[in-house]
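Q: First, the structure itself, so that you have it in front of you.
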Protein chains: 2
Amino acid sequence: MIDHSHDPALPCWVPGATDHPEFPIQNLPLGVFSDGEGDARIGTRIGDHVLDLRGLAEMGLVPPELGSLSDTTLNSLLARPAADRLALRHALSALLSDGGQAARIVHLLHRIDSVTMQLPAAIGDYTDFYAGIHHAENIGKLFRPDAPLLPNYKHIPIGYHGRASSVTVGDVPVRWPHGQRAGPEGPSFGPSQRLDYELELGIWVGPGNAHGEPIAIDAAPEHIAGFCLLNDWSARDLQAWEYQPLGPFLAKSFHTTISPWIITAEAMAPFRIAQTPRPEGDPRPLPYLWSDADQASGALALNLEVLIETAAMRENGLAPHRLSVGPASNLYWTPAQMLAHHASNGCPLNPGDLLGTGTISTPTPDGRGSLMEISEGGKSPLTLPNGETRTFLQPGDRIIMRAMAQATGAASIGFGECSAEVVA
Amino acid sequence: MIDHSHDPALPCWVPGATDHPEFPIQNLPLGVFSDGEGDARIGTRIGDHVLDLRGLAEMGLVPPELGSLSDTTLNSLLARPAADRLALRHALSALLSDGGQAARIVHLLHRIDSVTMQLPAAIGDYTDFYAGIHHAENIGKLFRPDAPLLPNYKHIPIGYHGRASSVTVGDVPVRWPHGQRAGPEGPSFGPSQRLDYELELGIWVGPGNAHGEPIAIDAAPEHIAGFCLLNDWSARDLQAWEYQPLGPFLAKSFHTTISPWIITAEAMAPFRIAQTPRPEGDPRPLPYLWSDADQASGALALNLEVLIETAAMRENGLAPHRLSVGPASNLYWTPAQMLAHHASNGCPLNPGDLLGTGTISTPTPDGRGSLMEISEGGKSPLTLPNGETRTFLQPGDRIIMRAMAQATGAASIGFGECSAEVVA
């Protein structure tokens, strides 16, 4: 069977969907939405509409074995093999490209501004990696100018466990965290004075593994269901004081924001590229982390962008200001390497678990993925076009992240915004 | 109303329950069990029996508002206020002390050896603290002989996020973890060569807090539903190589074992004691971590014990050998301090979340809570009574943890065993 779902010429009868910059018919992401009555349902986004997949399933218009479409989270769908997600994609693609179907299902479309997006899955565990090598170098330089990367960095996808309960979808306001930090007269407790964002990708886990059973790197793609944007909000003053010897804790666990749509691995198929070759002299990873197939096509052709909108900018009707732009190819480890490493000790990964990649920065100053890097640890304030300055965030600041997948011969698709405002 | 539930003279009609060393009528812990048919039900343990609380609820013998007793996990019961758990305790105490009730409910008793214990709750998030100060000193000395404790230790209950999906109840075999570790010829991957256990207490979270709303230390007890034993299995060679700069990850996430019963905060009421006074010169914690009431009665009168049973000991019918014994009063921070700190940044704690205290060691060599400490980093092998030696664990070793609560004038209660075997 020929897969037409990526054909850039594929038509779509939904008004405004053809040539939609982020959600054309070639995207078809998965999410959970509710309308005014709060009834959570699984949907896909097409143009500026959400299509109710529960309704579609009730009409018998999607493969019957995908009965989990009537759930209020995507966990059971994520548990299914990739072939099932692909079958769903093909069914949706056929329905939305065939104008003859419009009359039957148009009632299942909701305008995106009439619904509220919810967490796509109940997140069992959330893990955050540190795979953005230029970020690791930028941060490391602030502490160890001569040796910014620790000896393990190029051998292990460094990661730590995050706080699943603190993950929300975009637009939930981020309440300003209080915490303990060091000071010249001893530690004190109060509102963070160095609140920051971090630009990351999120990786949604699919079927996963049984406790004690590792996942081989060549099997890892079967367990990667999709992707999203992730803002790993960070309180730098809390982090500096608490993180030795067991790692970040309350500096991160107050809030993590993700974009609401799971951009499926199937939608991303045209946007898989070769991993950036390791620089001459870098060690070759151990075999459990190395696969020629993964090196050939395991990375993501994604362009990432971060913008800030301050309260003053909003009041004066100014557009958000771009803080950084750059490609996801600055990740030193592929998603498959992160997942294979995670399961290498037998740790059980479950459907709906979330992995963060770590902050993605470019080697150049225009693509730094956090204010800590942009302001060089708070020493070099950033001046915004309206004259405001920032070293770290201020109350009322909104951080907006965007991702666009682009490849020759393919229709571009976007991730939708990961956007939230910090409030005092 | 006078609370008779702790009366040491309270009779119990269940055979073998009176004077039971761990589960007399004064204990009444909460757990989830299944019988041969795998039907998970909430139960309490009385002597060597489990009483089916779903059955009791169906008969209308417990307060009707506790409808959550028909669930297959304790999460909704943990979400209820402490007063509801106390009402359940009083109802159970009355039923099990009144011989006139025996005929009505004896059919709801199952012999403990005929059931399988399950996780008492779906654990949303698992956090591990580091509050055992003598453990922190013992481990710190191996790395920094002159300054074993880092500057933050006496100001912050140091903690990190653990892997919720890796937590199982006792007797699930621990599959030997593989992983990456450093070596003279560079890193290698294989079975851990320094597998260890860690003796901890677990703290079960009750109602919890909304996202962004801290929990004041004086309110913390309302959110502590109960306690268990916890074995934080650790692969020391993986840990040493991976833990900088973000903390332990795969060295811990392969398995964590807990004892199956939640020993309720209400059952522990007679065993609350004053926190060990901080040594002269130690800093007084900041106000959000300090409460006179908590200092007066926030610690636990618990005696903790770890035993090992090797495969050879088992084959030769030898009794397990005690590795350590000592009191839980060696925790530098109380459970309320850990919980208040955890929520101080607004991090949402949910019913069924689990907190580990960190390894509890005594200041003396007889109470070291891990092999890393007992063998002084592997340098001083331990000789067992049958002539075997250990620096770290060997396949077939079973680690058994026990806890006994004892106080003058109160019937002693136990936690039941936290016991599991490591398998190659």
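Backbone N, Cα and C atoms are what each Cβ position is placed from, and that goes for glycine too.
Pasting the relevant annotations from TrEMBL:
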- A:128-422: domain 'Fumarylacetoacetase-like C-terminal' (DOMAIN)
- A:TYR130, A:ARG144, A:GLN239, A:TYR243, A:THR359: substrate binding site (BINDING)
- A:HIS135: active site, proton acceptor (ACT_SITE)
- A:ASP232, A:LYS252, A:THR256: Mg(2+) binding site (BINDING)
- A:355-390: region 'Disordered' (REGION)
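In the displayed structure, how are the listed features positioned relative to their neighbours?
A: In sequence order, A:PRO248, A:ALA251, A:LYS252 are the residues of the chain that are 6 or more apart from A:GLN239 (substrate binding site) and have a CB within less than 8 Å of its CB.
Using a 10 Å Cβ-Cβ cutoff, A:HIS135 (active site, proton acceptor) registers 28 neighbours.
Take the CB of A:LYS252 (Mg(2+) binding site) and look out to 10 A: across all protein chains shown you find 27 other CB atoms.
Same-chain residues lying 6+ beyond the ends of the region 'Disordered' (A:355-390) with a Cβ under 8 Å from its Cβ atoms: 126-132, 134-136, 138-139, 142, 158-159, 162, 194, 196-203, 205, 230, 232, 234, 236, 256, 304, 306, 308, 310, 312-313, 316, 318, 321, 323-328, 330-331, 335, 338-339, 342, 397.
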Q: Determine the most Cβ-crowded residue among the binding-site residues A:TYR130, A:TYR243, using a 10 Å radius around each Cβ and all protein chains in the structure.
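A: That would be A:TYR130, with the highest Cβ count within 10 Å.
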Q: Quick one: what's DSSP say for A:THR256 (Mg(2+) binding site), helix, strand or coil?
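A: DSSP call for A:THR256 (Mg(2+) binding site): strand.
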Q: How would DSSP class A:GLN239 (substrate binding site) in three states?
A: helix
Q: Excluding A:ASP232, A:LYS252, A:THR256, which residues of the same chain place their Cβ within 8 Å of the centroid of the Cβ atoms of the recorded Mg(2+) site?
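A: So the extra residues in range turn out to be A:ASP128, A:GLY162, A:ARG163, A:SER166, A:GLU198, A:LEU230, A:ASN231, A:TRP233, A:SER234, A:SER253, A:HIS255, A:GLY356.
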Q: I'm trying to understand the geometry here, so how far is the Cα atom of A:TYR243 (substrate binding site) from the Cα atom of A:THR256 (Mg(2+) binding site), in Å to the nearest whole number?
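A: Their Cα atoms are separated by 18 Å.
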Q: For A:THR359 (substrate binding site), write down the residues of its own chain that are at least 6 apart in sequence and whose Cβ falls under 8 Å from its Cβ; none is a fine answer.
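A: Looking at Cβ-Cβ distances below 8 Å from A:THR359 (substrate binding site), excluding near sequence neighbours, one finds A:TYR130, A:GLY132, A:HIS135, A:GLU198, A:LEU199, A:GLU200, A:ASP232, A:GLY369, A:SER370.
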Q: Would you kindly determine which recorded positions in the set A:TYR130, A:HIS135, A:ASP232, A:THR359 have their Cβ under 8 angstroms from any Cβ of chain B, listing them in sequence order or replying 'none'?
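A: Answer, by Cβ distance to chain B: A:TYR130.
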Q: Can you give me the average pLDDT across the domain 'Fumarylacetoacetase-like C-terminal' (A:128-422), rounded to a whole number?
A: 97
Q: Does anything in the same chain, at least 6 positions from A:THR256 (Mg(2+) binding site), have a Cβ under 8 Å from its Cβ, and if so what?
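A: For A:THR256 (Mg(2+) binding site), the qualifying residues are A:TYR126, A:GLY162, A:ARG163, A:SER166, A:VAL167, A:THR168, A:LEU230, A:ASN231, A:ASP232, A:TRP233, A:GLY356.
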Q: Of all the binding-site residues given, A:ARG144, A:ASP232, which residue's CB has the most CB neighbours within 10 A?
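A: Counting Cβ neighbours within 10 Å, the top one is A:ASP232.
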